[in-house]
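So that you can see what the record holds, here are the features copied from TrEMBL:
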BINDING   GLY114, LYS115, GLY116, GLY117, VAL118, GLY119, LYS120, SER121  ATP binding site
COMPBIAS  88-97  compositional bias 'Low complexity'
DOMAIN    4-76  domain 'MIP18 family-like'
REGION    78-98  region 'Disordered'
Amino acid sequence: MNTDTINEALKSIKYPGFSRDIVSFGLIKGVDFADGVATVSMAITTADPRVPTQLKADVENTLLALDGVDNTEVRVTVSTPKTPPGGSPSSGNVTGPAQQAMKGVKHIIAVASGKGGVGKSTFAVNLACAFEKLLRSESGDARVGIMDCDIYGPSVPMMMGVSSRPEVNGESLVPVENFGIKMMSMGLLIDESTPVVWRGPMVMKTIQQFAANVAWGDLDVLVVDLPPGTGDAQLSLVQTLPLDGAVIVTTPQLVAVSVARRGATMFEKVNVPLLGVAENMSYLLGKDGEQQYIFGQGGGEHTAEALETSFLGQIPLDPVIREGGDRGIPAMISYPEGNVAQSFTKMAESVMAKLK
Ligand SMILES: Nc1ncnc2c1ncn2[C@@H]1O[C@H](COP(=O)(O)OP(=O)(O)OP(=O)(O)O)[C@@H](O)[C@H]1O
């Protein structure tokens, strides 16, 4: 018995109401073990008094079930979420306002890429549309959202054919809606000509506001389009949002493996499970129906193997996808029976199966 074993055991405890564990939420501040006594200190930001009580009991029961632990000492520090004048959340703590405000969201998944230009936003938008179609066909109702965190180059509004500014209701922004999907993006809040020279902390603040001050309401699934790359801003972002899992988008080039690996490492650090790797721009379909692998072959599958996750499938390089992005009608909507839509639907099914 040692502190590593205790830490591992703590990772099995979920934050009440969420599928993420208390270690990845950063609640554990110290762990010690001596003479059969496991000591754990936790710091929790919540306005709900039941949360610390339940977590304390969960930690005690989990640790007492371990061989070698005879007794426990669990110290819990509780603070309430602070909201400065104007209603903006002041802290990046995952148990703070973002968690509270996203309570009605069943599943939150991130779409990420190790580098820019792989078609991540295109993928996120079409995946959201595929979820909408899938859930509607299953239960007659679908509540899907997309949150565009790519605040340096927010392209989701254009791809979703939306340009109206979101309305403000009290202290909340009301997401705009198109194709049955709720959406929030920095692109809706700034003029196109505004230079967005955001620094790390500003990025975080915006994301916290997107999570905490947007009236998402009840959603079955929220797709989060992360900024490209794997730097500090992306890492703090995945720490802030209560993510259930992440999909990595990559291209067919074999060099993509090492780039995507950086993305996977980032999610590993915060214990967000990978839901799979999707390969975009896989091949061009010639007039005779022949698949031309102009960017090489195998990058997506190799990446999935290397990251020990599923390969979700391929999306062809197809003018229909680019036109859909430029026209503001995703290919999933304009050609719902086409090859592209079928690929996205299959991927949405695989991801949904993993979430359930
Ligand atoms: N499979 C595809 N077939 C044809 N065009 C595509 C495909 N995927 C993406 N594109 C086009 O490539 C361009 C870049 O895509 P997108 O903006 O989604 O990339 P990204 O990875 O989100 O980029 P960024 O680095 O800005 O985040 C867009 O014009 C989009 O329409």
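Every residue gets a Cβ built from N, Cα and C, even glycine.
Summarising the environment of GLY119 (ATP binding site), the number of other Cβ atoms within 10 Å of its Cβ, over all protein chains shown, is 22. Checking the binding-site residues GLY114, LYS115, GLY116, GLY119 against ligand 1, the ones whose Cβ sits under 6 Å from it are GLY116, GLY119.
Across the domain 'MIP18 family-like' (4-76), DSSP classifies residues as 22 helix, 24 strand, 27 coil. Summary: among the binding-site residues (GLY114, GLY116, GLY117), the fewest other C-beta atoms within 10 A of the C-beta are counted at GLY117.
Cβ neighbour density within 10 Å is lowest for LYS115 among the binding-site residues LYS115, LYS120. The ATP site is defined by GLY114, LYS115, GLY116, GLY117, VAL118, GLY119, LYS120, SER121, and by the 8 Å test on Cβ atoms against their centroid, the other residues of the chain that qualify are SER113, PRO228, VAL249. A coil conformation is recorded for GLY116 (ATP binding site) in the three-state DSSP classification, outside any helix or strand. Around VAL118 (ATP binding site), the C-beta neighbours below 8 angstroms that are at least 6 residues distant in the chain are PRO228, VAL249, THR250, THR251, ALA256, ASN280, MET281.
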